Amino acid sequence: MASISTGIGFSATIISAVTSVGEYFEGKSQLMALSFLTFGSGCGGILIPFLLHFLIEEFGWRGCLLFIGGLMANMTCFFAVCKPLSIGLQQTKANKLKKVDSETKPTEQVFTKSLRSLVTNKVYIAHVVAMCCTLPVINSSLIFIIDFLTTKGFDSKSAILMYLYLQIGSTLCGVVPGLCKKYIPHTSVLIIPACFTIIGSTATALLPHAKTYTQHVVLLVFLGMTLGVSVTTVSVTTVKIVGLQDYSAGLGVLMTMLGISGSISGPVAGFFVDLTGSYTKPFYGMSAGLGLAAGLFVLAAVLKRKSNNIHSDHVSDITVVVGADNPAFSI
């Protein structure tokens, strides 16, 4: 029960964090905010293991859990001061507050409508499948990456240090999507993860054949770069594809599918390691999964561009018709 409640709490926290960023920021600033959010979580991923080790040494595992629980409880205060912008309130002449959108449909109907819209959105479906072939695959490799490195002759201290380099690569590259959109504004948010999943696919395929310490570090950093970019683009690509109105439902469905695929990918990878007796073929399989994800990201980008072109042509046709009927609108 403790693991279930912990998982529910962490899932709700992650979805709330990325949803609130999508609500408070727009355009390029939204991607930059999400990039810094990923950067912060990456820094925590680097520092928390050292903190946990210290707490366990000083207070035991029970005291460690108590301290971490108190640390997490502080998030309640931070979330409490965030006013949702989607709930518009305005003051009347009598200094009373009233809802602007009091005649909106019930929440259940809105959510059902969002789900129907998501099911028919081909770009969104391709994006979800691509993400399910990216993050769960990388996370499943992280489960046994230390054992993999020790079987290649590295001691546990060197293996942990190389894992730290992977996390550093993930943290630093979490800001890459935001920088790309800032300095290369016409870059598609779907092409960015496609490029880095290709890098991750190549690095994963080459890892079993790496010989030196430096080669292992470089390949692990590349894999971490793929992880950092993928985590950052999860929310921003979702809001770009489905829009702000369906963002919460779209992100919720995506996170649910990631959770399901993540719970499956780990045992499957472990099964193939036990079946083959080595890590080579499982790493090849992960490489193929990341390659498939890259192709799906490109497909989603092509479908999105095609949809935008059709929409712009439709708007142009309407403008021409309106201009013909009313000279005031003619150019």
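If you go along the chain as it appears here, the first residue is 1 and each next one adds 1.
Here the Cβ of each residue, glycine as well, is placed from N, Cα and C on the backbone.
For 1-306, the entry in TrEMBL reads domain 'Major facilitator superfamily (MFS) profile'.
Annotated transmembrane segment per TrEMBL: 6-25 (among others), in sequence order.
What TrEMBL lists as transmembrane segment is 32-53 (among others).
Look at TrEMBL and you will find 59-81 (among others) tagged as transmembrane segment.
Annotation comment: TrEMBL describes 123-146 (among others) as transmembrane segment.
Sequence annotations record features per position, and here TrEMBL assigns transmembrane segment to 158-180 (among others).
Summarising the annotation, TrEMBL assigns transmembrane segment to 187-207 (among others).
Among the features that TrEMBL reports, transmembrane segment is placed at 213-239 (among others).
Per TrEMBL, the feature transmembrane segment maps to 251-272 (among others). Tertiary neighbourhood of the transmembrane segment (251-272): same-chain residues 11, 14-15, 18-19, 22, 115, 118, 127-128, 131-132, 135-137, 139-141, 143-144, 234-235, 238-239, 281-282, 285-286, selected by CB-CB distance under 8 Å and a gap of 6+ residues from either end.
The transmembrane segment annotation in TrEMBL covers 284-303 (among others).
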At a Cβ cut-off of 8 Å, and with pairs 6 or more apart in sequence only, do we get at least 3 pairs between the transmembrane segment (284-303) and the transmembrane segment (123-146), yes or no? yes
Same-chain residues at least 6 beyond the ends of the transmembrane segment (158-180) with CB under 8 Å of its CB atoms are 28, 31-36, 38-39, 41-43, 45-46, 142, 145-146, 149-150, 187, 189, 192-193, 196, 213, 216-217, 220-229, 231-233, 236
Taking a Cβ cut-off under 8 Å, which residues six or more beyond the ends of the transmembrane segment (213-239) line up next to it in the same chain? 18-19, 21-22, 30-31, 34-35, 37-38, 41-42, 124, 127, 131, 134-135, 138, 141, 145, 149, 152, 154, 158, 162-163, 165-178, 189-190, 192-193, 196-197, 199-200, 202-204, 206-207, 247, 250-251, 254, 258, 290
Six or more residues beyond either end and a Cβ under 8 Å away: which residues meet both conditions relative to the transmembrane segment (187-207)? 31, 127, 130, 134, 138, 141, 148, 173, 176-177, 180-181, 216, 219-220, 222-223, 225-227, 229-230, 233, 236-237, 240, 283-284, 286-288, 290-291, 293-294, 297-298, 300-301, 304-305
